[in-house]
Every structure is written in C-alpha cells, then in structure tokens.
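Asker: What follows is a structure written as structure tokens; I'll ask about it next.
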Amino acid sequence: MTTTPLLDRVVYPSDLRTLAKSDLRQLCDELRSEVIDAVSCTGGHLGSGLGVVELTAAIHYVYDTPRDRLIFDVGHQCYPHKVLTGRRERIRTLRQKDGLSGFTKRSESPYDPFGAAHAATSISAALGMAVARDLKGEQDRNSPDDAATGGGAKNDDRRVIAVIGDGSMSAGMAYEAMNNAGDTGGQLTVILNDNEMSIAPPVGAMSAYLARAASSGSYQGFRNLAKQLTKRLPPRLRDMAGKAEEYGRAMVTGGGTLFEELGFYYVGPIDGHNLDHLLPVLENVKNITDRPVLVHVVTQKGKGYQLTVDKGDKLHAVSKFDVISGEEVKKTSNAPSYTGVFAGQLIEEAKKNERIVGITAAMPSGTGIDKFMKEFPDRTFDVGIAEQHAVTFAAGLAAEGMVPFCALYSTFLQRAYDSVVHDVALQNLPVRFAMDRAGLVGNDGATHAGAYDTAYLGCLPNMVLMACGDEAELQAMTRTAAEFDEHPIGFRFPRGEGMGVDMYAPEDVPLLEIGKGRIVAEGTKVCLLNFGGRLGECMKAADLLEARGLSTTVADARFAKPLDEDLIRRLAKEHEVLISVEEGSIGGFGSFVLEFLNRDGLLDAGALKVRTMHLPDIYQDQASPKEMYEEARLQAEHITEQALMAFGQAAAAAGDRA
Ligand SMILES: Cc1ncc(C[n+]2csc(CCOP(=O)(O)OP(=O)(O)O)c2C)c(N)n1
Ligand SMILES: CC(=O)[C@@H](O)[C@H](O)COP(=O)(O)O
Ligand SMILES: [Mg+2]
C-alpha cells in the first residue's frame, strides 16, 4: 500500500499547522529528500538547508508566519523554507534565470520579510521590525496575510524571529544588534543555529565560546529548562508552560552568560534535529515578550545526506550532482581559476618577502587563501565574517611595515567601506586589496555581483586600482601589488576560469609600471579600451569589426587609477570612435575616462565619438554568467554593435542582432 507523501499536503505553513505533531518527523524526512533532489538539479547551497530542516518546520508550525516575521541570516539555508512556503513547484528553478533566488527575497514572497545573502543582517533587521511593531501598535493595512480581509488585523502581538548561524555570529553587526536589542526590550527571538561550521570551520574566540556553551549541558534535564522558561512567562501563560514539563524530554540550559549579559534570555543548547525538543521550547519562547530571547540550537550541517557530511565543507555549495553517487558535474574548461592564479602568485611573492601576510574574512577556499595558509600558517589570518575588521587590521599591519593582502570578494568589501576610506586611504597605508568575484558572478545573483568597487575605490585619493584582462595579467598585478608600497592598491579579477593564455614562469612575472596600460591589438578607426575581464570579448568584437572593414585597436587600460593619460590621449587622437568596456557599475572606469577626456579638452575637439559600456544601472537577477552578460549587453556582439552605431551603421548593427 502506498501512502500519499505528507509534503504533498503542505503548500503553505497553514497546511503544515493542520498536521499532527507526530507527523512532523515524516514530513521533515520528505522535506530533506526534496531539497537534496532539487539541489542535485540546480546546484546551490546544500549543507546549510539540510541542517535546518527540523528547525524550519518547527518554526512554521509554532509561529504564525507570515504574520509573524521570520528572518533568515544570509538566506543560504532557506531552501526548505521555500518548499514550505508556496514555492515547492518552482524549487527546481533555484538560482536559475527567471527562477527562484537562492536567498530570501522580499519581492519573491511575503514569507521572506527581509532579503539577505550577506551575513549578519538578521538581528538588526528583526529588531527594526520588532520596534516598528511596538511603535505602531496599530492596525496593519499592509500585512500580506490580511489581504483577503482588506487589512485591519491587530498586529501589535506579532512575533519577530531571526535565525542566524554560528559563522555569521562572528560578524560585528550581530553584536551591535544584540547590544541594541538587549537595551530595547520587547519580543524578539534570535535562534542561533550552531552547526560548528562557517563555510570553513569557524574561527575565533566567539566560536570557542559557543562550543563551550553547546557542550556545557549536553541536553540534560528538560525540567530545568521548563522551570526557567516558566519563570519568564507572564502569569497567565505559566500554567501552559508547566504542562510542557510533562513531556519530560531531554533538554537543558547551558552556558550563554554572554547573551544574558547582553540582556537576552538564553535558552539552550537544544538538539535542533529533535522535534520533541524544538517544538515545546519554541512554544514557550513564543510567549516571552518582555525581553529578547536567544535560543541556542545545535545542528549538523548537511544532516541526512552522508555524502555531504563527509565533505570538508559539508558541501556548503555544490554544483549539480548525482544523488546516488554524490558525484558533482565536472567543469569543462582546463584553464586555471583566477583565484588559483592569485593564490599561486601570492605564495611566490611571500617566498621572497617574509613581511607578506594573507587575510581572509571567512572565505579561505573561495579566495585561495587556504593554499597560502598551507605554506605560511603563521602569516595567514582568517578573521571570521568581519570584513570591516579585516581591512583595519590590515591597516595596522601596514602601518608597522608589513605587507598585508586583504583577499576579499568585491561584494563583501562593500561591508568595509569606511575602513577603506578612513583607516587605509586617508592615511595612505599600503594595504593590498585582492578583489575576487569582480563583475557578475552568475547564480548568486545581484547580492553577490562585484559591480561597484571600481566606482567606490576609484573616487578615493591615494588609491591605485587595477583590473586584469587575463590570468597572466593577474600574475603581474599580484607581483606589482606585492612590491608597490607608496599607496593602497587594489586589483580586481573575475569569478571562474581564466582565458587559457600562457602564464608566466614564476621568475618571469613582470612588474607593471603604475598607471600604464598596454596595446593588445593595433588598429586605426575604432579603439576598444578595456578595463578588466571583458578583454576576450573586446578581442572578439575587434575581429567582427575588422570583418566589416573597421580597423580596430584593443587597448587594455590595466589601471583605472591612475589612468594612463598619455595612452588615452593618444588613442583619442588617433581613432574616430573610442569605447570603454568594463564589468563594473556606472561611475567607474568609463566615468574616469570621460572625466579625463573632458578635462583635457578632447571631448570638444575633432570628431571623436566616445561611448562607455558598463553594467546596467539595475540589480540583475541570477542566471548563468553568460546570460547575465547578455542582459548587461557586454558581450562581443554588443560591443560590435556600439561601434557600428557610432559609425552610423545602425542598420548593420540591427542586421547583426537579427
Ligand atoms: C558579509 C559576508 N561575508 C561573507 C559571506 C560568505 N558566507 C556565506 S555563508 C558563510 C558562512 C556562514 O556560516 P553560518 O552563519 O554558520 O551558516 P552555515 O553555513 O553554517 O549554515 C559565509 C562566510 C557572506 N555571505 N557575507
Ligand atoms: C552564501 C555565500 O555568500 C557564499 O556561499 C557564496 O555563495 C560563495 O560564492 P562562490 O561560489 O563564488 O565562492
Ligand atoms: Mg554554521
């Protein structure tokens, strides 16, 4: 006899709440299988979601979502949540073009009250929502769940819950938020999902503190916990909580002094896979409204998929894979990754200069700093998810004559902007910024696009800013950054594999002259002035233009700051059309070029036509990198089209498009 899967009966959490508690175990098993199967088709963040299956189901069971606000930190663990909140039908479109985002996203569902993808925003946002609730104390006409009745439900008792991982708890903003929340009072529940993993094993004193707290009670005596919770409840609810004691289930209050000192009730640690523990605790905690509560839940990243658990990073993020064998789809290109090239060259430089240190903010494998760490463990610092600290820490090192390389994703460096301005650039300290994942990154979408660094760094006095056109250039830029110590210097490079060009032998890597670009192909009519990873597309565009009789120069600017003014002046004088091309936002390289041409009077003189090609002024949703660059109109055919249109060959350009 076959039974209908329980998951088929659950489209929304309201369906979930009709199930008996005793059904939830089976539901979670089905949910876990569904997530594994979906991610095997799409790739994505697997381990984190598998670890919070029970927690997600329990929260939706106990709380009245979406009226109660549930906020996931980072959002990479939200796939089970998406399955339970009306998105199961689309779950196999995760991270694909026109599909579901891999993170929580306000525009996607009322069950995602706050979007995320960068770490440690959840407690601040949750506190904001809790305070809004308490200040408004009014009928909420915007409540999505009130849509049917035209609004008007009383929302002053809505609950706000933040779920944050132990890795994200290493970020300063989480403490800023708790510091504020402890002082503010009112209902707010923070669930600390402690799986003793960040992407890599978590680092730092806080991680050790959590490990001590998690191990201090080993889930003994539920009675203690029930008594403690009972004391904290309003009198009318004490009886109900007392009944919870009847469950007589194993549970405990452990460490957590730090959180208590911050003004939170600390509850835990509890076994985050045991629904018999989770449900009564959440039911009780829900009724604590006088001050914030921190529920410390211990889980296993990758739970339920052995092939995940066995991997070092618990398959934090995977490509498509075969569910039975666990085999991931292999990459097709043999070119080295930009990350690997950077790491290899940094190691070469560090062999020559013992003052070089490598810094990562919780991304050792993503930035290649794991390789550096193997060679130079004493000169490597994983500071946790703490980009702001990473940069000012590097500034301190630089002030004492060390040679710090801050290896950060472009998108995460955004977190550290004032550290860059105030601590590094303003003091002219030679910190080296290796900015990985520059440009569009693909399936992580808009939150992870390395779009803005050229604009936000290029406007800073003292800053030197480079972008590599290929992997050999990255070798040269890494060497140049290692040897240059007059100013802070940044270099950006894309996600993924290089162009497959010949690389330099370690002893032959050239030192670049600061502020000097290069000519890659010489022509006479069109000049494509590239900055960064679109060099290959510029070369293809040049071929297309040549085929149309338009002799084309391809120049690689290498530097956005200082600009190679001599080169750009010459190119402007010697060509009829000058097109800057970059994989960055408006206000970046193209703007700097325009500003220079204007200042130099080159925009007024002669018949030069200038065009700037950059990322569109929108947040681009996830897709493959190629699809995203298509949408951004930064592929070879788009560059060709720009040139043709500048020559008044709109018809030809349209013909090419067709
Ligand atoms: C500001 C910022 N820095 C770095 C990252 C990259 N990152 C994404 S998830 C993650 C680890 C988070 O660990 P944890 O919060 O414990 O969640 P888990 O993956 O263990 O579920 C990191 C470092 C990020 N998303 N945001
Ligand atoms: C959620 C998060 O921020 C990281 O896991 C990120 O998705 C990693 O991206 P890469 O795959 O480019 O390393
Ligand atoms: Mg974790």
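Glycine is no exception: its Cβ is also placed from the backbone N, Cα and C atoms.
No curator has checked TrEMBL annotations; they are predicted automatically.
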Asker: Taking TrEMBL at its word that Ala117, His118, Ala119, Gly167, Ser168, Asn195, Tyr305, Glu387 bind thiamine diphosphate, choose the one of His76, His81, His422 listed for that site.
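Answerer: Candidate listed by TrEMBL for the same site: His76.
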Asker: Per residue, counting other C-beta atoms within 10 angstroms of the C-beta, which of the binding-site residues Asp166, Glu387 reaches the highest number?
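Answerer: Buried the deepest by this measure is Glu387.
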Asker: Hey, does DSSP put Glu387 (thiamine diphosphate binding site) in a helix, a strand, or just coil?
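Answerer: Helix, per DSSP.
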Asker: What's the number of neighbouring CB atoms sitting within 10 A of the CB on His118 (thiamine diphosphate binding site)?
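Answerer: The answer is 21 other Cβ atoms.
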Asker: Cβ under 6 Å from ligand 3: which of the binding-site residues His118, Asp166, Gly167, Asn195 qualify?
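Answerer: By the Cβ criterion, which requires under 6 Å to ligand 3, the hits are Asp166, Gly167, Asn195.
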Asker: Select, from His76, His118, Asn195, Glu387, each of the binding-site residues with a Cβ positioned under 6 A from at least one atom of ligand 2; if none does, say none.
Answerer: His76
Asker: How many Å separate the Cα atoms of Asn195 (thiamine diphosphate binding site) and Asp166 (Mg(2+) binding site)?
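Answerer: Between the Cα atoms of Asn195 (thiamine diphosphate binding site) and Asp166 (Mg(2+) binding site), the distance comes to 7 Å.
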Asker: Across all the protein chains here, work out how many other Cβ atoms are within 10 Å of the Cβ of His76 (thiamine diphosphate binding site).
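Answerer: Taking every protein chain into account, the count is 24.
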Asker: How far apart, in angstrom, are the most distant Cα atoms among the thiamine diphosphate-binding residues His76, Ala117, His118, Ala119, Gly167, Ser168, Asn195, Tyr305, Glu387?
Answerer: 32
Asker: Cβ-Cβ under 8 Å from Gly167 (thiamine diphosphate binding site), same chain, 6 or more residues apart: which ones?
Answerer: Ala119, Met197, Ser198, Ile199, Pro202, Ala362, Gly384, Ile385
